[in-house]
């Protein structure tokens, strides 16, 4: 396989990791005000992702860094072209990151919960907008500079893409919450998943079919897997099989990213005038850089996967509410071992 | 202001802001890991209490480093797309390595550390903080390798109008990286040392938890003293490498206008940039030659002469950085660093053999001393980045050619204002949280027997 192909696939893998993992983090943030009616419930909800959200977000940083290293032209055009949406995403990620870390350390959680909600909803929608534009193509000049405006990016198809990822991540988050909690919270999360699933299937399929994939068999396979995953997630949720439901919705997210990248290939950022498109060839780094980076990725990606998987294993137990999240003055975020502060 | 100026301000503000948190994270992670190791070894509850207390403050600070770090990575593409196109083949590699080798390690194991007190065996739990701390330190190496390449490009060739990597090993073992890394790391330990010392002094002044904070203060003083020595030695190496690799930066740092042998180290100068000379210049004789070349009569190049040479080399243009800024940021960096070092030395003397100083001023000075390394770090980065101007990649790409050609003034102004505002709000929140948790102080911790986690599943 060509090294450029390897790196195209690797970047797809990094985005897949990001959307599968931070996808449910976003969903959890969006569902926080809806499912968390009491402070105990809200704390439980936040705690389901407490140990892992930061590690999940690193997938984005590595996807960005890997794109910079392997396809500098893609990184440069994409990031400078999608300037304001990325700015909003950055603000949202700052807000939710700080909210997640500081919520438990503050006297009032209301403001942080709001920041967490909007900081999750914004990127969940905007990543869809960005990817819709990426697969559809954007106006680029011969120097690969983006020549459109913010409004070019907010076209109806892109908004459909935004809605698709928003629904997908919310559903994924609901299913994740059902898997990680018990009692009322789990029931509420399951109910949300059930009511979200049908509309999510419709919107996500409409988006993928609209994005197209040149009729490649592998693209059709990915789209079929999306449908299968989402329907499977609904079926498993209806039967109360949370583990299977989460596996199925994770599969759906994987397949969505796979379908999008299949549709993209061999471009990395198609231009409206095909002559100006960025491809895996004209956007790529030199074979030497790609070789070096392939070695690094081959050694470290499995290691990362192993320890991240281990983290999920360590925190696999369902959170049962009050006993897991001591109520009272602000928890210091270290553990339940520490008695509540006597401030 | 045009897009270039706005983008430069944005980069400067984001970087300086990000680097307020980073050194504290680097230094404090190791201190917390060390304290937890002491607890693991001795099972003395005071070490557990200290681990928890400093750990809390560490986490408050860490969160800010994380969120500002994302902006840091994205803005190369957003505001400096021509830079990214030109250097991506070389510069992207250490950045991607940083993500894959360091960020994952740091974030995943810190999550395990925060939430794993009950789920992991004490030994494994101790390993998680060390892995997070190691990740943090590795991350510094890669990002400094990337920055060093901008200061002193190695292991590349120019082909197809871009810099292409020819030797990754040369980039990772760049002489500039090898002297910059210890300088930054020792600076980080000086920062963490001053932070721990100042807060310990606050408790000692109020006679709260005296035995606990006597231990903290002593630890901080030792860390600071070692770091101060390390930062000076590595700074000296750095100055020598800089004289050789970026003579203009060194000349500007010294307001040295003409080539000179037996050059003095300037303490205070009032310069005349127009005419390329100083009105007033108070010097330590031979100081600069000694600092830059290790000999009393070594030749050090001056701004006017370098400018003339660069015009022959790179074509017409002004190759001088803002001399006043380079001169004063360099001096202030050294000055604030020296104050932190003096404080550590005085503190070690005053606390010898378990003593505590009687004068309240000693404690107040230690509290005020927290600011010194932060100021020194900031000045250091302003110096090293502004001193490289007009280049963004030394000798290869000018900053004016690096900016995103498609960026419009309004968009960049919006993001500059937006980020600055958010940073300001977050700074207030962070400081308030730190103060709040400092006031709360260390908790009582259960006895070690009770801290053995039950096998709950």
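Cβ atoms here come from the backbone N, Cα and C positions, even for glycine.
Taking TrEMBL as the reference, the stretch among A:288-310, A:311-333 described by the feature transmembrane segment is residues A:288-310. For the ranges A:59-80, A:191-212, the feature annotated in TrEMBL as transmembrane segment maps to A:191-212.
Listed by sequence, the residues of this chain that lie at least six past the ends of the transmembrane segment (A:245-268) yet keep a Cβ under 8 A from its Cβ atoms are 8-9, 12, 15-16, 19-20, 23, 71, 74, 131, 134-135, 164, 168-169, 171-172, 175-176, 178-179, 193, 204, 208, 211-214, 216, 218-219, 222-223, 225-226, 228-230, 232-237, 277-281, 283. A contact between the transmembrane segment (A:156-179) and the transmembrane segment (A:6-36) is present, since 3 or more of their C-beta pairs, 6 or more residues apart, lie under 8 Å.
Remark: the transmembrane segment (A:191-212) contacts the transmembrane segment (A:115-136), by the rule of 3 or more CB pairs under 8 A.
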